[in-house]
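Comments concern the structure below.
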Amino acid sequence: MGKDSQHYYGKHGTPQKYDPTFKGPIYNRGCTDIICCVLLFLAIVGYVAVGIIAWTHGDPRKVIYPTDSRGEFCGQKGTKNADKPFLFYFNIVKCASPLVLLEFHCPTPQICVKQCPDRYLTFLSARNSRDFDYYKQFCVPGFKNNKGVAEVLRDGECPAVIIPSKPLAQRCFPAIHASKGVLMVGNETTYEDGHGTRKNVTDLVEGAKKANKVLEARQLAMQIFEDYTVSWYWIVIGLVIAMLLSLMFIVLLRFLAGVMVWVMIVMVILVLGYGIFHCYAEYSRLRGEAGSDVSLVDLGFQTDLRVYLHLRQTWMAFMIILSILEVVIILLLIFLRKRILIAIALIKEASRAVGHVMCSMLYPLVTFFLLCLCIAYWASTSVFLSTSNVAVYKIVDDTPCPLLGKTCNPETFPLNESRQCPNGRCQFAFYGGESTYHRALLGLQIFNAFMFFWLANFVLALGQVTLAGAFASYYWAMRKPDDMPAFPLFSAFGRALRYHTGSLAFGSLILAIVQIIRVMLEYLDQRLKAAQNKFAKFLMVCLKCCFWCLEKFIKFLNRNAYIMIAIYGTNFCTSARNAFFLLMRNIIRVAVLDKVTDFLFLLGKLLIVGSVGILAFFFFTHRIRIVQDTAPPLNYYWVPILTVIIGSYLIAHGFFSVYGMCVDTLFLCFLEDLERNDGSAERPYFMSSTLKKLLNKTNKKVAES
């Protein structure tokens, strides 16, 4: 038995030895992982430089406003097209070209106009009639009618034909409608293309479809934005309710941990039960209604998600999912009922620790603020990088041309290239560039994403070390709370920044590398979806699974390494090794106690999110009679509901993360305490009387007195 024990400890390190001078987090410590600290500083300097360069070259207006063939904005104040908000395509049929999907523009001249055409005219018929004054507004600015028809159409100065159109997302699209199953534009089923040929309206449909693909997503985004503008204050109220519920729950947990845990468990079961009942009620209500028996597969994807709520199969799917969750939770509670009692004792001890360090409940606000800064800087830099390209002009021609697709200058184009491409046009193609900066844009975007992951993980690591240091000072105080420092949270925060910035940078760097690899794998997966190579797909799934597991393991290891850093002040690698071996020597306790506690915290989050989500659902669907006239009219009521649910989860997660870090810290300290001490007068346990009673441990000195 002794040999087995010696072999086990040799494989997972040796237990901590008794140190009479150890009284908790070490104050006399030195800087750790200085190289990583310097590396982080240089990376931040580079990141700021990238942001400045992006902000210098970028123009976010390119995301909002359409541009004509010259790259000039339509409807933008302060430009010559300020009174021309709509983009008009000379030949919408050419938008059916695959070039639209590759370079996101139609290979046809485009100009900004005050209004979309409301009548059918050809250039040939309008040129020598009184309709030409109307027609001329759809020609290029400054057009002079001093050329022949063929030259005008060749040079792309006027469209060959205009047809009745309607604006959509500031673009003019043919006003196509169906009459008795026949597609028509205006009152015609065919149209003349301006060259003496009549074409079917379906050609216009194909062109409009390709040009409209991106615009459908934009229209959906605009409708969602409209919903936010009329419901944002109600969303804020819902998030405030979630915050108050989280605070109330934690305050009650401080005094009534055992009762609250069981109440929480029952409430989650009841909430899921109500969800099952509601789904069944909707499923029964739709029985016999026209169209309610259509399957989800037959319906396909619809941008208006409310359509799915009129299908019985949707509510059946919801009911099955909720029923599975209900059964799984009940089974887990049955098999883990004894372990729940142990977890409750840990939560009570954590409640006492949080009670003595109450300012720790406000620390998630610091983390949230710093994360918002990281997200804002990353998002703005990303937008400016993506819009920092310059207008690139390409030579286009309807006939073969040796310079076709070459870059050109619209100011000098007719002089230099007219001999080789007599029918060519220098047309705006896309926003890009041929400078070193423009060629490096993809790399800068990757660097931007990588720095976001690194800084975000650093902020989270700083919070974990700070909380761990504060709660460790509580555990290692022999007389709680008399032996605790005056300001444990601020002391831990100062130690983390002063001594361990390098270690935090090291741990967050490792995690950021794994996360950026996962992002690249997701990108490659999207590119390979159309491929038929099954081996490549299988390999991609395996890689994604492996890196997902690796990220979870690194997060777990980092979390415990940060606790050891907060206590002992050792570097990252030493702390990670010691934490890992300590957990491996107590793997059963880790699996049972720590994970059961995490499960209980998850139930608490579900209770808060479920309660606020149900309240938001009834409010935004006008089902609360008292305030049904107060709820705003919406395009998609699920927009504010999902926002409230996600926001409530993040708020609850922020508050429960403090408790979770407290439990993890106390648990690790508890394992150290068991290895360092034996309860004798010389080596007394630091754990509280509750934990000693729970584990049948006593301090002999206390027993003798």
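All residue numbers here begin at 1 and follow the chain in the order shown.
Each Cβ is built from the backbone N, Cα and C atoms, and glycine gets one as well.
Different topological domain names are assigned in Swiss-Prot to Thr32 and Thr67, which places them on opposite sides of the membrane. Note on Asn416, Asn696: Swiss-Prot annotates N-linked glycosylation site at Asn416; no matching annotation appears for the rest, which is not proof of its absence.
Range 638-658 is the one annotated as transmembrane segment, of 533-553, 638-658 (source: Swiss-Prot). Sequence-distant contacts of the topological domain 'Extracellular' (525-562) (same chain, at least 6 residues past either end, Cβ-Cβ under 8 Å): 461, 464-465, 468, 504, 507-508, 510-511, 514-515, 517-518, 572, 575-576, 579-580, 582-583, 661, 664, 668. As a whole-number mean, the pLDDT of the topological domain 'Extracellular' (525-562) in this prediction is 85. Here the transmembrane segment (599-619) has Cβ contacts under 8 Å with residues 234, 238, 241-242, 245-246, 249, 261, 264-265, 267-268, 271-272, 274-275, 329, 332, 336, 340, 343, 347, 627, 631, 640-641, 644-645, 648-649, 651-653, 656, 659-660 of the same chain, all six or more residues outside its ends. The transmembrane segment (233-253) and the transmembrane segment (454-476) are not in contact, since fewer than 3 Cβ pairs between them lie under 8 Å (pairs 6 or more apart in sequence).
Residue counts for the topological domain 'Cytoplasmic' (477-503) under DSSP (helix as H, G, I; strand as E, B; rest coil) come to 15 helix, 0 strand, 12 coil. Remote same-chain partners of the transmembrane segment (563-583), defined as residues 6 or more beyond its termini with a Cβ less than 8 Å from a stretch Cβ, comprise 12-13, 16, 24-26, 29-30, 32-33, 36, 464-466, 468-469, 472, 476, 492, 495-496, 499-500, 502-503, 506-507, 557, 590, 664-665, 668-669, 671-672, 675.
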